[in-house]
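S.K.: Quick one: the structure is below, and I'll ask about it shortly.
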Amino acid sequence: MAHPFQTGLQDATSPIMEELLHFHDHTLMIVFLISSLVLYIISIMLTTKLTHTNTMDAQEVETVWTILPAIILIMIALPSLRILYMMDEINNPSLTVKTMGHQWYWSYEYTDYEDLSFDSYMTPTQELKPGELRLLEVDNRVVLPMEMTIRMLISSEDVLHSWAVPSLGLKTDAIPGRLNQTTLMAMRPGLYYGQCSEICGSNHSFMPIVLEMVPLSYFEKWSASML
């Protein structure tokens, strides 16, 4: 989860988020090198009055600064397309959970079970227990098995919402009349927090998401107790 004064991304919990972190570092290094080169050239231009007459109208230089940016863009585009393909790929999910956005709470339905559904509201500040997080805790957590492919079906009952959990690299729009889907897989147990990431009204900031990733045996006991 995020920490105060954090400047980097959250720790990766899913394979997709690990790929996104690698892509972020890859792109950031390219941007850093380009920025350093531009700043170096600007500093040289500002500190010298000499002019290289051979580069004022050189076809070779124009060819280089046309081809080189194209190569750099390809170096950025190819990893990006690979990750986009991975995020859209869905292979035989072990569990399907339907998520509906409301003003201003989430409802969840485990479609593989009968009558396993609940609403998830933010826990008011005055009801928080010691150690719980303000504006991030909910009354009903989404309990899911770890190390399994889970499909999330996401839609909305009223206005636009967005279901996002940064540690898992997830952000999917909840659109009325449309059913979007995404997959997740957590590699370790724990609590993972997210929030609605689409402005949806006055209480937009009070729609937290809490995923509790647990071993399969614990999930089976939990699901049996909920039925």
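Each Cβ is built from the backbone N, Cα and C atoms, and glycine gets one as well.
The annotation topological domain 'Mitochondrial intermembrane' is assigned in Swiss-Prot to 1-14, 88-227. According to Swiss-Prot, the transmembrane segment annotation covers 15-45, 60-87. If you look up Swiss-Prot, you'll see 46-59 marked as topological domain 'Mitochondrial matrix', on the strength of similarity to another entry. Per Swiss-Prot, the feature Cu cation A1 binding site maps to H161, C196, C200, M207; the stated evidence is similarity to another entry. Marked as Cu cation A2 binding site by Swiss-Prot on the basis of similarity to another entry: C196, E198, C200, H204. Under the heading Mg(2+) binding site, Swiss-Prot lists E198, citing similarity to another entry as support. Per Swiss-Prot, phosphotyrosine is recorded for Y218, and the stated evidence type is similarity to another entry.
How about a rundown of where these features are and what they're close to?
M.R.: Helix, strand and coil residue tallies for the topological domain 'Mitochondrial intermembrane' (1-14), in that order: 0 helix, 0 strand, 14 coil [DSSP].
Remote same-chain partners of the transmembrane segment (15-45), defined as residues 6 or more beyond its termini with a Cβ less than 8 Å from a stretch Cβ, comprise 9, 72, 75-76, 79-80, 82-83, 86-87, 166-170, 184-185, 187.
Counting same-chain residues at least six beyond the ends of the transmembrane segment (60-87), those with a Cβ under 8 angstroms from any Cβ of the stretch are 16, 19-20, 22-23, 26-27, 30, 34, 169, 182.
Mapped onto DSSP classes, the topological domain 'Mitochondrial intermembrane' (88-227) shows 21 helix, 61 strand, 58 coil.
Under a cutoff of 8 A between CB atoms, and with a sequence separation of 6+ in the same chain, the neighbours of H161 (Cu cation A1 binding site) are G101, D173, A174, C196, E198, C200, M207.
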S.K.: Enter the number of other CB atoms within 10 angstroms of the CB of C200 (Cu cation A1 binding site).
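M.R.: The answer is 21.
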S.K.: So how many other Cβ atoms are close to Y218 (phosphotyrosine), meaning within 10 Å of its Cβ?
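M.R.: The answer is 15 other Cβ atoms.
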